[in-house]
Amino acid sequence: MSMTISSPAGLTDQAIAQTLIAGADAARTSTLGRFRTQLAVDNKYSVGFDPVTEADREAETRIREVIAARFPDHGIIGEEWDTKDTATRFNWIIDPIDGTRAFISGVPVWGTLIGLTHEGRAIAGLMEQPYAGERWLAVGGRLEHTHNGQPIPAAVSNVTRLSQARTSTTNPDMFRGPHLAAWTAISERALQVRYGLDCYAYCLLASGHIDLVVEAGLKDVDIAPLVPIIEAAGGIVTTWDGGRAEQGGTCIAAATEQLHEEAMRVLRDAMLD
């Protein structure tokens, strides 16, 4: 990684990258060590199902410890534990196991997400799938994709039309009302649709294997760490109304500007019908 200064405070890309990697390394014992074991699963919801395991909680604790030791004045927003000092300009975003449903089912499409925002804008992100040995790391506008430590070229595809787009969403049940009509319009026009990939879909987009991801009901921890990865690969990621995606809600990630524009038109027209 370069030594670019990413902020007036003098935080370098190297320091950011080292922290992201150290956080992922710290989490791996808690996640990979418990994957495909008989874990107790708690439900966060009184109605519905939002699973959490000891692996989620312990991994986030380990990541928080890494960040706090290096940047004690930075804020931390995590999936499992309370938010810390988000009034600061720098906030680290953590989802220790994005895709806990996949994790407890033994399906290796979950991932550890860690990102950094500066005044609300995502400037760095990491996704690691330790079972597959894959890591995507974006800092300073550069993307590194590795498999078992070996670099792999990563860039979005050149697909420009929805009819040619390999498309993904985690679960069609996330869409309700006008959002469901909008997703249906996308899925009917896409080349194909793959479900259940969680954060892995966005990284496959960054590597040129998926062309479009459309989702709704996201939290900031679900998407903020992925924004720099997609953008560094040459892709576009926004909310359905074209805004920044870091805060969650709706999300559309596309390989090319033309594909993004067409998908946005389809979403908008379907919701107006």
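Going from the start of the chain as shown, residues are counted 1 onward.
Every residue gets a Cβ built from N, Cα and C, even glycine.
TrEMBL annotations: computationally assigned, not manually curated.
ASP222 is the only one of ASP222, ASP241, ASP269 that TrEMBL places in the Mg(2+) site (with GLU79, ASP95, ILE97, ASP98). For the binding-site residues GLU79, ASP95, ASP98, ASP222, the greatest number of Cβ atoms within 10 Å around a candidate Cβ is found at ASP95.
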